[in-house]
Amino acid sequence: GGGGGAAMAEGEALVSVDYEVFGKVQGVFFRKYTQGEAKRLGLVGWVQNTSHGTVQGQIQGPTARVQELQEWLRKIGSPQSRISRAEFSNEKKIEALEHKDFQILK
């Protein structure tokens with residue numbers, strides 16, 4: 001293990017979480033809005049459509065910001081979307097961000 005270096009402030013621990021959003025979330029610019037919201041919050045990760053009509057991806061960043069985007073994915077989404085539910089899984093603490101930015105994957 002490495003020593004030294006200042007520890008991050010409490011509450012600023014980095015987390016990674018996977019998500020899947022169900023409902024009318026394809027063809028309504030959901031990915032574009034998700035990317036915009038993630039960038040506004042300073043988060044990294046990705047978003048993509050699935051073959052079964054949902055949107056899935058991964059979010060990484062400070063815990064509080066990640067939770068904000070989770071709430072957004074659960075309740076808001078893009079203006080024309082109709083979210084029935086959002087599921088989150090594989091939540092874990094990470095030492096460093098694994099993505100450079102927030103990308104829309106095809």
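Heads up, the Cβ atoms here are built off N, Cα and C, so glycines get one too.
Taken verbatim from TrEMBL:
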type	residues	note
DOMAIN	16-106	domain 'Acylphosphatase-like'
ACT_SITE	Arg31	active site
ACT_SITE	Asn49	active site
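Residue density at Asn49 (active site): 18 other Cβ atoms are found within 10 A of its Cβ, drawing on all protein chains shown. Cα of Arg31 (active site) to Cα of Asn49 (active site): a span of 8 Å.
Residue density at Arg31 (active site): 21 other Cβ atoms are found within 10 A of its Cβ, drawing on all protein chains shown.
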